[in-house]
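**Student:** Before I ask anything, let me first share the structure, which is written out below as structure tokens.
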Amino acid sequence: MDPNFWIERWKNAEIGFHREKVHDFLPRYWASLGLAAGSAVFVPLCGKSYDMVWLAAQGHRVIGCELSPLAVDAFFREQDLVADVRPEGALAVWSAGPFTIWCGDIFELPQEALRDVAAVYDRAALVAFPPSLQVRYAETLLTLLPPEAPMLLVSLAYPDGQINGPPFSTPLAQVDALFADTHDIALAETRDGLDESQNLKARGVTSLDETAYILKRT
Ligand SMILES: C[S@@+](CC[C@H](N)C(=O)[O-])C[C@H]1O[C@@H](n2cnc3c(N)ncnc32)[C@H](O)[C@@H]1O
């Protein structure tokens, strides 16, 4: 997928995926990952999500990765934080308080970025990629993360062909295809997500399952 697609989305403030509140699956299911206080959490394709603020409030160090510098800048400004910014290979590392956001392509993230990560929170990251890149994304997580790190995954599924992604419909069969060889996959909750996704409704989606999965390495 062309990175410029996302760069332009942020430039034009076309960010219908962004929520002005914490996603309710996060506080509901996060404890089931059983993490130690103070551990580091990875939020791939983080945007400027408030979910990162909630995770930090639980005592976590939050490590994000986001392509758009506009998004990263907006995140720190909205949190009244002044970030220290340093270049690191093809990426830039923005950090302040409990937050470190690697600004650049997740596929160029160096191994050391995620060395001490205890868990992953994926909301609207996997589904942002078309199926071929979802395979690369899953492989990248496997390669970069410590082997025991579990994941809370929030995925979306809608009837085939209703819209051109993103988001790309990612039902259980696809989550299985990507992760079942390496993880136990527990379905925590599925709910109708259409009311909260007016932009997808307007694009022609007629039903939307939003599902929380808990993935633990086997
Ligand atoms: C659908 S949004 C989700 C953002 C966030 N997780 C949330 O819940 O609001 C996907 C985000 O991923 C970023 N992104 C897309 N491709 C990326 C890549 N290859 N590496 C890093 N970030 C990427 C986009 O700029 C966008 O902010």
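Each Cβ is built from the backbone N, Cα and C atoms, and glycine gets one as well.
Predicted automatically and left uncurated, TrEMBL annotations should be read as such.
From a predicted model like this one, the values you see are computed outputs, not experimental measurements.
Got these off TrEMBL a minute ago, pasting:
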type: BINDING; residues: TRP10, LEU45, GLU66, ARG123; note: S-adenosyl-L-methionine binding site
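Let's see these features in context: how buried, what's close, how far.
**Tutor:** Within the same chain, residues at least six positions away from LEU45 (S-adenosyl-L-methionine binding site) with a Cβ under 8 Å of its Cβ are CYS65, GLU66, LEU67, ILE106, ASP122, ALA124, ALA125, ALA128.
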**Student:** Would you measure the largest Cα separation among TRP10, LEU45, GLU66, ARG123 for the S-adenosyl-L-methionine site and round it to whole Å?
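**Tutor:** For the residues that bind S-adenosyl-L-methionine, the greatest Cα distance is 18 Å.
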**Student:** Among all the protein chains here, how many other CB atoms are within 10 A of the CB of ARG123 (S-adenosyl-L-methionine binding site)?
**Tutor:** 25
**Student:** Sort LEU45 (S-adenosyl-L-methionine binding site) into helix, strand or coil using the DSSP assignment.
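**Tutor:** Looking at the DSSP assignment, LEU45 (S-adenosyl-L-methionine binding site) belongs to neither helix nor strand, so coil.
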